[in-house]
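Have a look at the structure below before the remarks.
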Amino acid sequence: MSVAIGTEARSTERRPSARRRSASFAIPLLIAVLAVAAIVALSFGAAGIPLSRLPAALGLSGESTAMTARDQLVLWSIRVPRIAAAAMVGGLLAAAGAIMQGLFRNPLADPALVGVSSGGALAAASAIVFTDSRFGETLRFLQTELLPLAAFAGSLATTAILYGISSRSGRTSIAVFLLAGVAITAIANAGIGLLVFIADDRQLRDITFWLLGSMSGVTWTKDAVLAPVLIIGLGACAFIARGLDLLVLGEADAFHGGVDVERLKRISIVMVSAMTGVAVSISGVIGFVGIVVPHLLRLVIGPAHRLLLPASVLSGAILMVGADTLARTIVAPAEMPIGILTAAVGAPVFLFILLRQRGLASL
Amino acid sequence: MSAVIEARGLSKRAGRATLLDGVGLTVAAGEMVAIIGPNGAGKSTLLRLLSGDLRPNEGAVRLKQRDISSYTPRELAARRAMLSQHINVTFPFTVEEIVLMGAGERSARDAGSLVDAALDEVGLAHFRERQLPTLSGGEQQRAHFARVLVQLAFGEAEHGPGLLLLDEPTSSLDLRHQIDLVEAARRRAASGTAVIAILHDLNLAIRFADRLVVLAGGKLAADGPRADVVTREIIRDIFEIDAVVHQGDDGVPYVLPQSMRAMVPPR
């Protein structure tokens, strides 16, 4: 039978595979879904703006009433910057996850797993506790600016330490990197625990809220931090895509195939820490986006990184805009921390992947 | 014929252990060389030094008249291709996508006919859209061989005869596909490629190669035409087994270990 199939395949013309056909639709489709999600998100919130009033509020039609002025204030000073930030944070987290999985050749790898997020969280919690008690009211105002900077610095420092531990004479050991990450996560969590212990009630609430992740309080300033990182990141994604594909063969065989493996690893590690660090600094710790999005995409469009990385950015953006809209509305006028939502959906998917992998391994 | 690869006085140490000690090897364009030797003899280390993957502690490797460390990874990939022994692909790439990886930055359209030819040559054309991790070990090995053939073909189109390195390429293949792989390598040698393979099956090595290189304890124990190397004495010294060397009907020798000969019924 196999012989018959073989001769049949030989005689057919080259045609794009089913996966490649679905892949060619992926990017335009995801852009369209993101646009719809953003419009819906604009309309929902503590102060609702019906879809019929959206064009006027966005300045697309000439009408101008007192209602329009209120709508415009809500939209441009609160909702648009927030939705833009949610989209960019989701895109950064999903892309960082996809890159790290390619680097580790493991669909369960995630920046949160190697302590990059925890390092940022520890630095942010330190900022909350120490700026408050050491400098008192005089420096309170700095906290808004200090918090993202501290988280970013913490993520970068964690990555630098990780890289220092796992890199010897120009070679980076992925296994050491992963295990060192587990240890650093534990150290960072111990530090956070200590801070929680010494924090007063109000600080504790700040820390907790930030650790759970939230998009509230996002301003245009924060968007201005996110946008360049995302744009540079997307450019770098195109640059490393083929290398990450070949890395699936293992480091030696990627090298045999012409990849400068050490350079690829250095660029990927810096990208992952910058993307995660900036995202964490804006939104706090939001887990599982980096694992769930790339995994689901691989099932549909395949694992090739040239498509997977940009598709991850778009899908991560859609997921986060949707999750943030839910977070803003289900307990309105209060807000649900967004990290609770992503963990509630993400953790079961993580377990599902784990079980499927075990199934494969036992075959 | 000019030397494609030239290694002199290669030594490689890992900690206190000496993996390879003063080994030299020159392989010309169109030549087929099999490396044989017991486990731990340094065969894989030698191949990784020849591929540029490892750097020697002493000695030097010259590929196409240039020091191998002076090439960038991409330049190197256009001049030598290597098939490793165990490759574990975790993501669901299809067979076609894996083979296409041998084509470098070229698009699927530009590389299509070579990918087709390579898939045909390893007998996997009907599996092109299957996900690699769902195939058997031998089928995966053949898909990787097709990828390596595509890489070699593109490199040779630009830079002339290249180097093909095979690390135990037949270890997970059935008998028919072992022969197929050896013949595919022979065709490359016939068109000028220098081929070096590590093989454990002495009889396959004899059929495969013009020349046999024997490694033992990290040192070069023998290097020459098969008739000189495949002798009862050398097999006893290197592999520590007693074996009888017969002449086949076609003049090619074959090796029969003693304990197995006892099981063959008398003619």
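Heads up, residue numbers simply count up from 1 along the chain you see.
Glycine is no exception: its Cβ is also placed from the backbone N, Cα and C atoms.
As given in TrEMBL:
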| type | residues | note |
| --- | --- | --- |
| TRANSMEM | A:25-49 | transmembrane segment |
| TRANSMEM | A:83-104 | transmembrane segment |
| TRANSMEM | A:111-131 | transmembrane segment |
| TRANSMEM | A:146-165 | transmembrane segment |
| TRANSMEM | A:177-199 | transmembrane segment |
| TRANSMEM | A:225-248 | transmembrane segment |
| TRANSMEM | A:269-295 | transmembrane segment |
| TRANSMEM | A:307-326 | transmembrane segment |
| TRANSMEM | A:338-355 | transmembrane segment |
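Across the candidate stretches A:25-49, A:111-131, A:225-248, A:269-295, A:307-326, the maximum count of CB pairs under 8 A to the transmembrane segment (A:146-165) is reached by A:111-131.
The transmembrane segment (A:25-49) is not in contact with the transmembrane segment (A:269-295), judged by fewer than 3 CB-CB distances under 8 Å for residue pairs 6 or more apart in sequence. Simply put, out of A:83-104, A:111-131, A:225-248, A:269-295, A:338-355, A:83-104 has the most Cβ pairs sitting under 8 Å from the transmembrane segment (A:307-326). By the Cβ criterion (under 8 Å, sequence separation of 6 or more), the transmembrane segment (A:111-131) is in contact with the transmembrane segment (A:269-295), since 3+ such pairs are found. Of the candidate ranges A:83-104, A:177-199, A:225-248, A:83-104 has the most C-beta pairs within less than 8 angstroms of the transmembrane segment (A:269-295).
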